[in-house]
Amino acid sequence: MTLLIMITLTSISLLLAAAETIPTTLDGPFKPLTRRFEPSLRRGSDDLPMDHPRLRKRNVSSDFPEQIALALSTPTSMWVSWVTGDAIVGKDVKPLDPSSIASEVWYGKEKGNYMLKKKGNATVYSQLYPSDGLLNYTSGIIHHVLIDGLEPETRYYYRCGDSSVPAMSEEISFETLPLPSKDAYPHRIAFVGDLGLTSNTTTTIDHLMENDPSLVIIVGDLTYANQYRTIGGKGVPCFSCSFPDAPIRETYQPRWDAWGRFMEPLTSKVPTMVIEGNHEIEPQASGITFKSYSERFAVPASESGSNSNLYYSFDAGGVHFVMLGAYVDYNNTGLQYAWLKEDLSKVDRAVTPWLVATMHPPWYNSYSSHYQEFECMRQEMEELLYQYRVDIVFAGHVHAYERMNRIYNYTLDPCGPVYITIGDGGNIEKVDVDFADDPGKCHSSYDLFFFNSLNLSN
């Protein structure tokens, strides 16, 4: 069962699907509410098997695109990404040749009439482990094509692939967002995080798609490939735990491909923006981290002046989003801090009145799970968000929904952001139920699996 949360920013009110009235921040601080949950009823589900119909490879030929995804670049351009070829798992793996197949996107404003064509780049990556028993992995060919010249609030039809094979996808369509303006907003923005690939994940994503978002934001912890249980929820707690003497935990990389297939009905039609979580770190013996995440997702890093795709920003109508990286340097002498300060200083609130930040771990959290885990990041960056009057901060990591009063430095402040922890998107770890101290500080609802939906107007 999934709970849909609607946040209407005209009144900055939060309505739960349950028939209960929750105070708004419009009239200042409100008396905190907590709905208790019986821990014995805590629900979860096992990982979906790799041969599940929504996870397995469906194309007859590996030349045909799969795992198709859209991501915003600028207000008039969009990234189209997909995968071809077959990933390889084993002791000795040889990477595929990215130049062996083209990266093309045909697109236009009429069905079957593609007036515009663009070419892009392709890459592969490997996840390598030195220990006996652990499986190396090399990916399929990952394609990224930037399509531009897009008109706002317009439906486009597209196909992607290699026309010379020929191996082009079926026709798919998407609708562009409005240009940055105080008078124009995406009709609905969906926030979700901590997804994984369980039956609860399917419930969350199906419910999200039924609500027809025009933009999706995933606040980290996507595939849980590092915790995949090859025999479901039984036996060892993760794939590589069968090898206790290994110097490094392996992640089961085929779950990334399964996740891409699972998400394609959504990501191929709705631009989906991501930020990394702790489950995306995936360290290799060489010290490389975030390899899968970095190669698979196209994000507007360079477009927003960032030197890393682990943090970036973008506009969606009258909203400016900053996507913050919690697992890279965030101190006030570092590159991310300097980028954030520069980015926020350029925001014109007359054009984008709403300023929203996202990150994976919450700074404010009353649950025992991850309690004050990122206090150092808060101390480094919170003042900057407060100075530039960020309106809302969305986070995941803690598998329970929670919304704070406006706050700054642990003090109620009418100029501080509203902090929202999105809740559990359905992963294998289940929901969090224990508080760090006596409950009652803020509204909590944690017996269900979540995504959040944001409707905006000035």
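Glycine is treated like the rest: Cβ placed from N, Cα and C.
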Candidate sharing the Mn(2+) site with D221, H360, H397 (per Swiss-Prot), from N136, N278, N307: N278
Cα-nearest neighbour of N200 (N-linked glycosylation site) within the listed glycosylation sites, N59, N121, N409: N59
Env. residues of Fe cation site, Cβ within 8 Å of mean position of D194, D221, Y224, H399 Cβ: G193, L195, G196, G220, G277, H279, G396, H397, D424, G425, N427, E429
Site of maximum Cβ density within 10 Å, from glycosylation sites N59, N136: N136
Max CA-CA distance, Å, over listed substrate-binding residues N278, H397, V398, H399: 14
Shell of the Mn(2+) site beyond D221, N278, H360, H397, same chain only (C-beta within 8 angstroms of their C-beta centre): G193, D194, V219, G220, E276, G277, H279, A326, P361, G396
